[in-house]
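Peer 1: Residues or ranges marked as active site by Swiss-Prot: GLU117. According to Swiss-Prot, the feature Zn(2+) binding site maps to HIS141, HIS143, HIS212.
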Amino acid sequence: MQNITDSWFVQGMIKATSDAWLKGWDERNGGNLTLRLDETDIAPFAANFHEKPRYIALSQPMPLLTNTPFIVTGSGKFFRNVQLDPAANLGVVKIDSDGAGYHILWGLTHDAVPTSELPAHFLSHCERIKATHGKDRVIMHCHATNLIALTYVLENNTALITRKLWEGSTECLVVFPDGVGILPWMVPGTDEIGQATAQEMQKHSLVLWPFHGVFGSGPTLDETFGLIDTAEKSAEVLVKIYSMGGMKQTITREELVALGKRFGVTPLASAVALY
């Protein structure tokens, strides 16, 4: 019998959560991660499912996600412990046919529940499905240190944050040409912050929560982790630049335009036009 803990998606979640903790992005129970699956992914492991899956109602219906399975991190769970006990810290859930709730098919043992940011994740999945024609499958939230730091010292608007991150590392414009959305500070774990995040996810694969963290979206766990890692590396460079007295020279507007042309991407217009 195949064991679900050996599946590509459980092993992928173990690696992503372990790597994020080692980066220092997910202290204690900080951060959450969800991966949209297909029925064919989970079908071979039906023998591992709970005999009586628990049902949990959603705070709002998700008709776009009906009958869709996900693997998710648990509420109050530590990323550093996922590798030690995947079944206690992860769960496979499946949205019901009416989109009003979901069953926990596997994992989340001892009456654990999915991340408190599940509304933000599911709403963002809906928007990224539409924006990428189903290509994006991952939503990752973490407390990336230097990205958080920048929200204290830079004006919190999309064009400026995006432009500065592009200037912090040449690859950034290529990796996230659609820029970085940013919210006002909001109480986490609510439908309101979920809706605001999803609205930004219509236009951006990265969304900053000031003084808190970042949301990233991508087609795979590796791509999503790499997206956040790239932005965080640039933020680290910027933090060092500002601590040394600021920029004396940087990548120019003309050079950013040339970079976009070379790699066949269309940079966020408002960030290019900023100065």
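Start at 1 and count along the chain as shown; that gives each residue its number.
Note that Cβ sites are derived from N, Cα and C of the backbone, with glycine treated the same way.
Since this is a predicted model, take the numbers as computed values, not measurements.
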Peer 1: Report the residues of the chain - excluding HIS141, HIS143, HIS212 - with C-beta within 8 Å of the mean position of the site's C-beta atoms, for the recorded Zn(2+) site, in sequence order.
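Peer 2: So the additional residues around the site are GLY30, GLY31, CYS142, ALA144, ILE148, PRO188, TRP209, GLY213, VAL214, PHE215.
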Peer 1: What is the one among the binding-site residues HIS141, HIS143, HIS212 whose Cβ has the most other Cβ atoms less than or equal to 10 Å away?
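Peer 2: Of the binding-site residues HIS141, HIS143, HIS212, the highest Cβ count within 10 Å belongs to HIS141.
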Peer 1: Same-chain residues six or more away whose CB lies under 8 A from the CB of the residue listed as 'active site'?
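Peer 2: Non-local contacts for the residue listed as 'active site': ASN32, HIS141, PRO188, GLY189, GLY194.
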Peer 1: Under a three-state reduction of DSSP output, how is HIS141 (Zn(2+) binding site) classified: helix, strand, or coil?
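Peer 2: Once the DSSP labels are grouped into three classes, HIS141 (Zn(2+) binding site) ends up as strand.
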